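Novice: Sharing a structure below in structure tokens format, with a few things to ask.
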Amino acid sequence: SSAALSLLGGSVAALVVWKWLGKKKIQKKMEEARRTRDEGMKKMAQAVQQFREQVPSVQTDAILSLPLLELTGRLQEGSLSPRTVLYTYLEKVSALEVTQQTNCLRHFIPECEEQLQEIQQHEEKGLLYGIPVSIKDHIGHKGHLATCGLVQCLGTVVEEDSVLVQVLKKQGAIPFAMTNVPQSLFSYDCSNLIFGQTLNPLNAQKSPGGSSGGEGALIAGGGSILGIGSDMGGSIRLPCSFCGLCGLKPTAERLRWCGCLLLSHAVPCALGPMARDVDSLALCMRALLCQEMFQLDPTVPPIPFNEEVFSSSTPLRVGYYDTDGYFPLPPCMRRAVKETSRALQAAGHQLVPFSPPRIPYVMNELFLKTLFADGGCTWLDVLKGNIVDPVLKPLVNSCKIPRLVKKLLALLLKPLLFAMISTCRSVKDMWNHHHQIQVYRSQFISQWKELQLDVVLCPVLGPAFTTGYPGKLLTAISSTMLYNILNFPAGVVPVSTVTEAEEEELKLYKGCSDDPWDQTMKQAVSGAVGMPVGVQCVALPWQEELCLRFMKEVETLSRDK
């Protein structure tokens, strides 16, 4: 027996050493990735310094303050050079106030120098001629990593530009930076253990949102004028809500989709633009929906941007609601919808109360069941070989709970665990699940058509959560998630800010039943006086131009207040 005990002790010791060595190997890979990023940042700072010595008289603030439409006009007419604009933005990014304070950058793209030379050889100036563009970590750029915040992706360099990057370059844009994301893209915070936590440039205690949080922080911090994000549950719209930006999640198939480790065809991932104003989003969509896109990817419907719909001034019939009846939002988010609906009505639009059907069913049975169809096994596999980020630990631990224990806990706790026991148990169950999503979409569209709506105005989650809190409140994303299930175009527009009075009112906030989830929500959004408050604008599938036109109307009315 002593021999058996010795053998057991030796085996345990060997396992401990093996795990320790594995962890050291992971940490070494992460350190190398950070070193590579820091070297890239140094190269960027040196290039900026060199440019400054050659051209000392650049009016940096004047260039950075130009809206995108005005900047493109100056570049097209030649009164500003692409080189000046690129280096002005690079200087802003390499400056302490954007990058080091927010940690939003994953990598500088040194090939932007080559693209700068390339666009000057073009016979025609594209719609985005000379515009520096930032892209989310997983959007493929030749010669760079697409990490998704995961260690196993650190050794695989992308061999060619993704379709979207090719089209951006064809239109004269200069991709210059790749931005940070949460580990596995599976969070609306923005933290991974390789590159760290990204912070909100408007308040360092707050998250920039996710998963396109690096984009949100870089644009809101003034380091980029146009960015490309992706959205499978709110990942464009939530950073825009948290950072006070405009962003559009198109119908997923309207633009070329991009690789993602957790893609689901039932709830497709959409790529879309993020910027400071709606006109920038429209210009980006106009540029991307071109012949080049349709030729490079025949699966993208050849539908050019409809200028007539975007520039129309016909009064709209607007459905609206300020709560989805599932996850109660803070007072300021509901106020934003009410004030915006009143302003729209005063501007001559027709407002119609609208109630989205069966949101608890959509959230628990359709959305979360899609993501956790296998009880989270695929996602846990993706995380293998990684040290799990603390933000994801509650969710990882939930996935690992035995099924019977989950059933018992689901009787006591809120829907997240219920969703995880509602897995698809067979192929037949999966087919039926996909069918149920189609049935729900049809019912939703029928209700929309019965009311003869053009668009819908509704709330978005916000204001910005304190860092770490998004991981505790996955089910709070019902406001954005709905339009991923439906695959409708949806955008966010900032319309206001949190007031002192609302911060006081928050102390009395009880949510649904003043339970631990409601209390957590209260803690997540407290301390947000002066932070942006946005609304969500929605249209039917393939009507991105109408969605943008509605967003523009909302933006104009909010600025005229």
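Note: Cβ is positioned from N, Cα and C throughout, glycine not excepted.
Automated prediction, rather than curation, is the source of TrEMBL annotations.
Bear in mind that the values here come from a model prediction, so they are computed numbers and not experimental data.
Okay, so TrEMBL annotates it like this:
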ACT_SITE  Lys136  active site, charge relay system
ACT_SITE  Ser211  active site, charge relay system
ACT_SITE  Ser235  active site, acyl-ester intermediate
COILED    23-50  coiled coil
DOMAIN    97-548  domain 'Amidase'
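Describe each of these features in terms of where it is and what it packs against.
Specialist: Shown in sequence order, Met178, Thr179, Val181, Ser211, Ser212, Gly214, Glu215, Gly227, Ile228, Gly229, Ser230 are the residues of the chain, 6+ apart in sequence, with a C-beta less than 8 angstroms from the C-beta of Lys136 (active site, charge relay system).
Nonlocal intrachain contacts for the coiled coil (23-50), taken as residues 6+ away from its ends with a CB within less than 8 angstroms of a stretch CB, comprise 87, 90-91, 93-94, 99, 105-108, 110, 113, 145, 147, 151, 154-155, 193-195, 385-387.
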Novice: In sequence order, what residues of the same chain, 6+ apart, have a Cβ less than 8 Å from the Cβ of Ser235 (active site, acyl-ester intermediate)?
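Specialist: Set apart from Ser235 (active site, acyl-ester intermediate) by at least 6 residues yet with Cβ under 8 Å, we have Leu185, Tyr188, Gly210, Ser211, Ser212, Gly229.
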